[in-house]
Amino acid sequence: MRDRSLAYTEAEDDLLVKQHSPLMSPLVWDLAHVGNYEELWVLREAGGITPLRPEIDDIYDAFKTPRKDRPSLPFLGPAEARRYIEGVRGRVLDVLDRVDLEGPSPLHRDGFVFGLVIQHEHQHDETMLATLQLSGQPGLVREGELPPGRPGGPDEVHVPAGRFLMGTDTLPWAYDNERPATWVDLPGYWIDRLPVGNAAYAAFIEDGGYDDQRFWTPEGWQWRQRKGITAPLFWTKDGGTWHRSRFGRTEPVPMDEPVQHVSWYEADAYARWAGKRLPTEAEWEKACGWDQVAGRARRYPWGESDPGPSLANLGHRAARPAPLGAYPGGASPYGAEQMVGDVWEWTSSWFQAYPGFRSFPYKEYSEVFFGEEYRVLRGGSWAADPAAVRTTFRNWDYPIRRQIFTGFRCARSELV
Ligand SMILES: [Fe+2]
């Protein structure tokens with residue numbers, strides 16, 4: 001993770017201190033923020049060490065200054081930020097040596113506090129990639145090889161009616177919003193075997209999907225009209241062919257990849273056009289990880305083993321989603337593929353607490369976001385690290401957001 005944080009900030013100072021979009025922080029802010037968070041939680045809270053630089057806490061408190069205002073903060077410059085995070089990391093290793101991971105503190109138990117800062121840094125690595133994509137600067141992001149796609153196969157898989165255990169009580173690094181585990185009874189439904197691909201999405205556009213109000217919610221239609229949205233973010237049409245800009249390069253849109261950079265409103269409109277709907281969060285999670293035969297949930301769709309390169313596209317192996325059908329070995333018990341990795345997937349659900357939720361270790365992690373403002377995203381993208389992805393993991397964002405690496409798949413209720 002640290003190698004990723006450093007790699008994404010291996011650029012000219014100008015690029016690091018500049019704000020590339022009001023939606024994002026300057027890259028160097030993210031870099032020192034991950035170190036400051038690590039200092040707060042591991043050194044101070046878990047290790048009882050006195051603050052190294054208390055005067056910078058306010059600068060790096062994400063709740064004190066919204067992203068759009070961060071360029072005006074007196075944040076550390078690139079060289080100083082690197083020195084600071086290195087100093088923190090050196091002391092973290094001392095704390096790791098003397099903290100009792102079996103002790104009574106819930107912050108220490110099973111290394112939760114280390115899981116907290118590790119996942120936090122990985123999440124910021126993904127945020128930094130989104131910033132680099134918005135910057136339009138070529139040559140900063142590593143590319144890599146992915147397995148080939150696999151055409152054919154059924155469009156949908158069937159999930160029979162029945163109870164499943166949603167969320168977790170046992171995964172040690174799970175966040176408060178994934179807890180407690182709850183039995184949920186669902187009617188039967190069909191869910192797309194794969195995320196919606198660029199070819200299908202282009203067909204929606206060509207069919208006038210963006211111009212037909214019937215497919216859109218009133219809020220979605222208003223947003224689409226006001227912003228003049230006619231295609232996914234970073235797409236342009238050139239001589240009858242769709243192109244996309246990806247990390248500073250323009251290329252034809254690969255029709256066999258999952259669509260990414262669409263808002264919840266676009267995903268929802270597409271689903272209606274296709275005669276379907278977005279899955280609820282519960283439907284998504286059941287299709288992803290419930291093993292009906294064993295009567296238990298899997299950590300990943302394929303089981304408990306770590307996501308190797310033949311199972312899922314995670315951790316920035318390449319700077320894009322893999323072609324559709326690239327991971328037959330990563331299929332879920334119900335046969336759904338590419339649920340983990342490639343693109344985050346919008347669900348129809350608001351980000352809400354599970355029954356019995358208890359805030360831990362602080363309210364600003366999840367609780368302050370609950371309500372009817374944010375939609376839930378599931379599954380992690382190609383840019384997400386395996387440590388911060390699992391069947392139960394919940395992400396959330398505003399329905400208008402498109403800079404994140406997000407796509408979707410559709411579902412439909414079983415006919416009765
Ligand atoms: Fe953060």
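Using the three backbone atoms N, Cα and C, a Cβ is placed for every residue, glycine included.
Bear in mind that the values here come from a model prediction, so they are computed numbers and not experimental data.
Helix, strand and coil content of the domain 'DinB-like' (6-128), in residues and according to DSSP, is 77 helix, 0 strand, 46 coil. For 6-128, the entry in TrEMBL reads domain 'DinB-like'.
For HIS124 (Fe cation binding site), the Cβ neighbour count at a 10 Å cut-off comes to 23, with all displayed protein chains included. Here TrEMBL flags HIS33, HIS120, HIS124 as Fe cation binding site.
For ARG67, LYS68, ASP69, ARG70, ASP397, ARG401, the entry in TrEMBL reads gamma-L-glutamyl-L-cysteine binding site. All protein chains shown were included, and the count of other CB atoms within 10 Å of the CB of ARG67 (gamma-L-glutamyl-L-cysteine binding site) stands at 17.
Marked as domain 'Sulfatase-modifying factor enzyme-like' by TrEMBL: 154-412.
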Give the distance between the Cα atoms of LYS68 (gamma-L-glutamyl-L-cysteine binding site) and HIS33 (Fe cation binding site), rounded to the nearest whole Å. 16
Tell me the Cβ neighbour count for ASP397 (gamma-L-glutamyl-L-cysteine binding site), meaning other Cβ atoms within 10 Å of its Cβ, over all protein chains shown. 21
Which chain neighbours of the Fe cation site, leaving out HIS33, HIS120, HIS124, have a Cβ atom within 8 Å of the mean position of the site's Cβ atoms? ASP30, VAL34, TYR37, GLU121, GLN123, THR127
Please average pLDDT over the domain 'Sulfatase-modifying factor enzyme-like' (154-412) for the predicted structure. 97
Take the C-alpha atoms of HIS124 (Fe cation binding site) and ARG67 (gamma-L-glutamyl-L-cysteine binding site) and report the distance between them in angstrom, rounded. 13
